[in-house]
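Visitor: Structure below; questions to follow.
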Amino acid sequence: MSHNDTIPLYQSSQSDIDEIENMMNDSFQSGPGTVLPARPPSPIRPSIPVSSSPFVQSNLPPLPPSSSSSTQKVMPVPAPPPLPSAGNEGNKSIGGSGFGSPPNTLTEPVWDTVKRDLSRIVSNLKLVVFPNPYREDPGKALRDWDLWGPFFFIVFLGLTLSWSASVKKSEVFAVAFALLAAGAVILTLNVLLLGGHIIFFQSLSLLGYCLFPLDVGAVICMLKDNVILKMVVVSVTLAWSSWAAYPFMSAAVNPRRKALALYPVFLMYVSVGFLIIAIN
């Protein structure tokens, strides 16, 4: 077969070729119009970093090192004091330095307790019997108040009056003790009802300590049986006791009600002075 020879096509083959060409033309013509728009791309989601450490790290940049920290010298840490060996030395070091728990007073010797109470009584007695008029806050002088001192002075005054009496010694002691104890309670309630800023037992302690000058006067009058001497001694000790109670009671109440608080105190001390003079 030469190149000039051609293969004749049948009618069915020619129609198939024409049909394929028509379909291809139709597909090219209708293609651009029926293509759906492309789906917009989804936004990029931020990724969450996963850390294996239990603490969340901050995104803030680290602070730059200061120049002073590089030049600053590291101070050496002082070594702790050596522990006491054992026994009484350890207790003395803790109690003397003031560190640790306070000493247990339940296990201390009786003599140490008595010395501590006596020193407290002497300190409070100095504050009351010798008041300082220039003290900034005289009303708070008895912060460490106690009732042993006032109880002792009340009992001592009752015993002194009973020893001075020639008859009915027990009745004299009962009257003196009841007068002083009930009078101190009534005077304290009077100050509180007047709006005074004072503790109940602190006021009882104060009024009991102020009886010390009258105790001294009762002892002098018991030793010297002279009416004129008794009157002079009682007048001096009465003024002393009133002067000792004045700064504390006046500071506890309103200045407008000062007389209402001081007059009953003076009246009770006058009654005690009358008992000292009258008992023979």
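Including glycine, each Cβ sits where the backbone N, Cα and C put it.
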Visitor: Same side of the membrane for Lys168 and Asp215, as recorded in Swiss-Prot?
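Guide: Taking the topological domain names from Swiss-Prot at face value, Lys168 sits on the side where Asp215 is.
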Visitor: Same chain only, please: residues at least 6 beyond the ends of the transmembrane segment (193-213) with a C-beta under 8 Å from a C-beta of the stretch. Say none if there are none.
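Guide: For the transmembrane segment (193-213), the far contacts come to 124-125, 128-129, 139, 142, 145-147, 149-151, 153-154, 157, 180, 183-185, 187, 236-238, 240-241, 244-245, 248-249, 252-254, 257, 260-261, 265, 269, 272.
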Visitor: Taking all residues of the topological domain 'Cytoplasmic' (1-146) together, what is their mean pLDDT?
Guide: 61
